[in-house]
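**Q** One structure, as structure tokens, below. Some questions next.
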Amino acid sequence: MTVTKEAPEVMPFEGLTEEINLMSDNERVWWQKTGSMLSRVLSSADYTWKEQHKHLKFYAQVLLPHLGPYPQSFRSSITRSGLPFELSINYQQNGNPLVVRIGFEPLNALSGTPDDPFNQAPAAEVLSLLDQMHIPGFDSQIWDKAVEHHTVNHTEREALRDSDLGAGYIRSQTAYGFDLLRDGNIAVKGYSFPALKCQITGQSMAQMMAGLVADLAPLVDCSQAFAIVDEYLQDTGYDERAFFSWDFVEPSRSRLKLYTGSSSVTWGKLAEVWTLGNRVQNPTVARGLEYLRQLFDLIKLSDGQRNIVVAFDDRQDSSKETPLLWNYEMRAGDPTPLTKIYFPVHGENDLQVINGVAEFLCQIGLSHGKTYVEKVKSYYPGIDLSTTERFTSWVSFAYTEKTGVYLSTYYHSSTDNPWKMTTEEDSQL
């Protein structure tokens, strides 16, 4: 008797490419360039076939139509290159399954034009879609407050119409984050970028952040934790490009996060940021600081003051210098803010970075470290990561008693390589 071998199952990306009805050439190009990356990352994080299929389908049907024209003309502030899409993977020392996440700024053909100079309409369209999806626990009350406080209104848009905004790095007003959960559901996060609002209203970034936190207090009272954060940032200086984040859940359960940055990338600055200038001291913070030093040494970040050019890095000869970034997470009823630091690895040798992360994962007891290097290489077939410096974007680090080390790695998330070409070569096309 002849036994026939069962044909291998079609991978979710290939199956969906045949199954879904992509409505335009733009969607088809974006799907090949970003959907394929999402597929590789989901597979590398050991998502099941069913989980991969569900999340890829969500991406194709809900997000992909809101990437707008290809190639894009509006540059998003969520990535150094201006790409409106960024993938990351979260690792937890306690052994929880890996979680793939999407950072996303919706775009359309009018983004950046006089009809929508600051790309506000697409975000509202996506919010409407999310409202209709019946996501468990989904709540947009904080979004409404953040949009009111942190984004420009019609009158302000008109006042800015003739303003010189330079490279436009602060044009983005809002963005979304999506955690692709193992049960097939998604968790949604929101982001607001108040820099433009500060410019037109004359309010400082400190005033802008304090105003929103105070207005949110009846819904989610984080005033005690914010007081510590604000005192530290008043002492050291609020970054003019700071931004804000929250969860789309019932407000009292939401985390509030204030993101800020510095051009100083030194161990002394990291330790200061971690403890808010010694304002937060306890055994958990001390243990986290030890792990933070371990990771800092393994990644081998260039140590010193960085010359930051506020512009996108989307060509071979554009500036790759990237600032230190961090956020302070605040929860209702908890007087102590939690620090998460984002190592600015964009601009560092990619293989050096991924080797350092792999070794760190092994040292903290996660077997993912053994296969990490090869998995990251699989995202970029045909590219020698020992010769590149821009495919790894950020490595973030936090530490709690519950999760242990909480580490996320962020990647350039398109098959396009914008850094193959110089600005002059691009202008001649």
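Glycine residues also receive a Cβ, built from the backbone N, Cα and C atoms like all the rest.
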**Q** What does Swiss-Prot list, out of Arg101, Arg293, Arg306, as binding the same dimethylallyl diphosphate as Lys189, Tyr191, Lys257, Tyr259, Tyr342, Tyr406, Tyr410?
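**A** Same dimethylallyl diphosphate site in Swiss-Prot: Arg101.
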**Q** With dimethylallyl diphosphate as the bound species and Arg101, Lys189, Tyr191, Lys257, Tyr259, Tyr342, Tyr406, Tyr410 as its recorded binding residues, calculate the greatest Cα-Cα distance and give it in Å as a whole number.
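**A** Greatest Cα-Cα span of the listed binding residues: 21 Å.
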**Q** Taking the Cα atoms as reference points, how far is Lys189 (dimethylallyl diphosphate binding site) from Gly103 (site 'Required for regioselectivity') in Å?
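**A** Spelling it out, the Cα of Lys189 (dimethylallyl diphosphate binding site) and the Cα of Gly103 (site 'Required for regioselectivity') are 9 Å apart.
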**Q** For the C-alpha pair, I'd like the distance in angstrom between Tyr342 (dimethylallyl diphosphate binding site) and Gly103 (site 'Required for regioselectivity'), rounded off.
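**A** If we compare the Cα positions of Tyr342 (dimethylallyl diphosphate binding site) and Gly103 (site 'Required for regioselectivity'), the gap is 15 Å.
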**Q** Taking 10 A as the limit, how many CB atoms besides its own sit near the CB of Lys257 (dimethylallyl diphosphate binding site)?
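**A** Its Cβ has 20 other Cβ atoms within 10 Å.
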**Q** Can you tell me whether DSSP puts Tyr342 (dimethylallyl diphosphate binding site) in helix, strand or coil?
**A** strand
